[in-house]
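Per TrEMBL, these features apply:
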- 367: active site, nucleophile (ACT_SITE)
- 270, 296, 317: S-adenosyl-L-methionine binding site (BINDING)
- 135-425: domain 'SAM-dependent MTase RsmB/NOP-type' (DOMAIN)
């Protein structure tokens, strides 16, 4: 297998991430499921998804626009399957199933990239200059090169020989910028920009064409399918008053606005000025009518920024350890940091409950996989607040993990994306 078994180093294991909460002993089954999730995190999803902005475009038209773009880049006989999701018609899905043992040629010349760049490459990006760590001497523009990820984090910028530390083969590409352009002495301290290597093939089988810059501005954006489904679970309706508590960059906010058809009332909050600027820009680009407020969502009630029992529906897409992003070839997050999010999530949840109407609906979501930040928060909330847990709809993923006080019936109401499911996102 070209992918590692875990993105973490030895101090973070399955027991820490997925072990039982409290004093209960973690079972072998829980650890085994955790190991499967860790391996899954390292692998590239088999689909790429776009979310169409229905305030500006028709999903069917955008699907055909994407199909035409794919055929232009890959040829009219491209076998990529492109479809609208049956439960979320504004989601355009491109299927690129992985090849079990890709037989790709290894070139003499190589490029080394950091792991952030590597993840983007495996999701369909070309290699931009800032991500290049090394390039063998003698590599010339137009030449073919093999690309590797530096998972040892020991490659020094400007390396000109073959890298002999731990690395992962990503695929092959064509050089667009040479060593002089990438690593020359730059007295003005202006970093090089632009595509350094145009990818031709990757071990993920995800074609290098799936950025969203080929689409008209504001028409659609790349968005993972679980994020799209999350807003459908919230079920925005034109008469609703809705709060998005941690809204930047605005992907879910603009989706809510689209499902509201810019009716009802939608308030979006984030804490810092840069995040507010990003949120406002996304709303403007997508034509979303949103009241944007800069505030600390852990103090909304305490500081009287919003009145209790105001909202029909609240989305709490909480800050988290973000371990659900795929693929992850290396993650250096320490255990102390991983454990720091739960107190913040509880404070946010506490405010959300106070702001929700008695018959209102609160959707809690994260982009992480740990037990403590997901099932653990739900179990804590049901213990401490007068809340009823209802089944997510649409329910397209697997049930929650064991290891908390949640009963089996409760776990079936949760929605956890993971390995061995029909949606590999």
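Just so you know, glycine gets a Cβ as well, placed from its N, Cα and C.
Feature annotations (TrEMBL) mapped to structure.
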residue: 270; record: S-adenosyl-L-methionine binding site; Cβ contacts under 8 Å, 6 or more apart: 246, 247, 248, 276, 279, 294, 297
residue: 296; record: S-adenosyl-L-methionine binding site; Cβ contacts under 8 Å, 6 or more apart: 271, 303
residue: 317; record: S-adenosyl-L-methionine binding site; Cβ contacts under 8 Å, 6 or more apart: 230, 244, 245, 246, 247, 252, 365, 366
residue: 367; record: active site, nucleophile; Cβ contacts under 8 Å, 6 or more apart: 224, 226, 227, 320, 322, 324, 325
Given the S-adenosyl-L-methionine site residues 270, 296, 317, which other residues of that chain have a Cβ within 8 Å of the mean position of their Cβ atoms, reported in sequence order? 245, 246, 247, 248, 269, 271, 275, 295, 297, 319, 348
